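Per TrEMBL, the features are as follows:
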- 1-20: signal peptide (SIGNAL)
- 106-129: transmembrane segment (TRANSMEM)
- 141-168: transmembrane segment (TRANSMEM)
- 180-202: transmembrane segment (TRANSMEM)
- 214-232: transmembrane segment (TRANSMEM)
- 252-273: transmembrane segment (TRANSMEM)
- 280-299: transmembrane segment (TRANSMEM)
- 343-361: transmembrane segment (TRANSMEM)
- 367-382: transmembrane segment (TRANSMEM)
- 402-420: transmembrane segment (TRANSMEM)
- 432-449: transmembrane segment (TRANSMEM)
């Protein structure tokens, strides 16, 4: 009964946020992610599938071209067909661009809600079913999950849900089905690449002694990929256009102010002035791989470290990879939400700090009130003091004494932001300071997670 009540509370919070602002609300000429997701419905419904990534007058590269993998395109097409029945004006060619009617908002909001109920809720509940009520509340009422999808407006819930289904099946020994789910997640949103190395190493650790299994899983991955890309296979040029759109190296090392190594260090080292994008891409890839290798080696020896390694590597990708968005912190967060027994109060702290780093985005999206309400409710009602199941260490003892300081610093920064204008030389001082808080927490979690996997015994 308690879980049912928690589910109802989580649904109520999502409905509350859905009545708020969103990315690009009343903000012409380009609007934002809300318009991008709607426009992809318009594109995929009115263009032949092979034209989805091809530049044209209708598929204007300056007006939110489809830059997600094909499975997102298929999903947008399916939604577009439903929108045609619900209200054709939502996806009318050209005239629908920038549309913000009541029917449009209602349809888009409901589509996210239904997607999350179908794709994310079942596997997430599977993982938290036997956990304490407070842990269930943390998982289902995670502010960032709600604010990004139901506020800002995206469909991360689908990619995250497919990933959780992949983890469930792999841990049950269903390697083929698990591989299919992961390939689907990867082809829904390319940031699923953050999980790619642990998935590969885990499957390899389970199959390397049995070549037949390696072949079966390999064929499964290839066939699933070919089926998803089937419409484009007849023309190599079409595939090249699609890949160039999905992997936009030209966008630069990072976007806006994000709690990553590149953004924080850019204050001192002007990376974009020293190197071109191609070199920065390679440098980011090398650093990401280097910081991932230690945990991957342990995973190969101890497959029971799968979830821990998924968290560590996705955190590493967030910190060091190329062109990271602030919202991709959801990838490590979802791993913590299903591993609360191991990480204890660190999950609660991490979630709070990760949400705080989205402060500038919430203001931009006119979601600041909803953001504050969710953050305060989460802070009060889910406060968790359960100790992590780690070996005792000086760094953990130190953190336990200062764990409230980051939130206090955030409150001080917020008050200063309202009362004191930043220096002209540093106009983004407050926003960047909030990202420093996030970067500090993420770096600490990277270090402490490595300590955790050293203490886990092999099954």
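Each residue, glycine too, has its Cβ placed from N, Cα and C.
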Stretch-level contact, the transmembrane segment (432-449) and the transmembrane segment (214-232), CB cutoff 8 A, at least 3 pairs
no
In terms of Cβ proximity under 8 Å, which residues at least six beyond the ends of the signal peptide (1-20) contact it?
109, 112-113, 116, 121, 125, 129, 133, 136-137, 140-141, 146-147, 150-151, 366-367, 369-370, 373-374, 377
For the transmembrane segment (180-202), the distant same-chain contacts (Cβ-Cβ under 8 Å, at least six residues beyond its ends) come to 68-72, 75, 156, 158-160, 162-163, 165-166, 169-170, 220-221, 224-225, 228, 246-247, 292, 295-296, 299-300, 303, 306, 309-310, 313-314, 317-318, 321, 325, 328, 331-332
Counting CB pairs under 8 Å, which listed stretch among 106-129, 214-232, 252-273, 367-382 touches the transmembrane segment (141-168) the most?
106-129
Most Cβ pairs under 8 Å with the transmembrane segment (367-382), selected from 214-232, 280-299, 343-361, 402-420
343-361
Remote residues contacting the transmembrane segment (106-129) - C-beta distance under 8 A, at least 6 residues beyond either end:
3, 7, 14-15, 18, 34, 37-38, 79, 82-83, 86-87, 90, 135-136, 139-140, 149-150, 153-155, 157-158, 160-162, 164-165, 167-168, 334, 337-338, 340
Using a cut-off of under 8 Å between C-beta atoms, tell me which stretch among 214-232, 343-361, 402-420 contacts the transmembrane segment (252-273) the most.
343-361
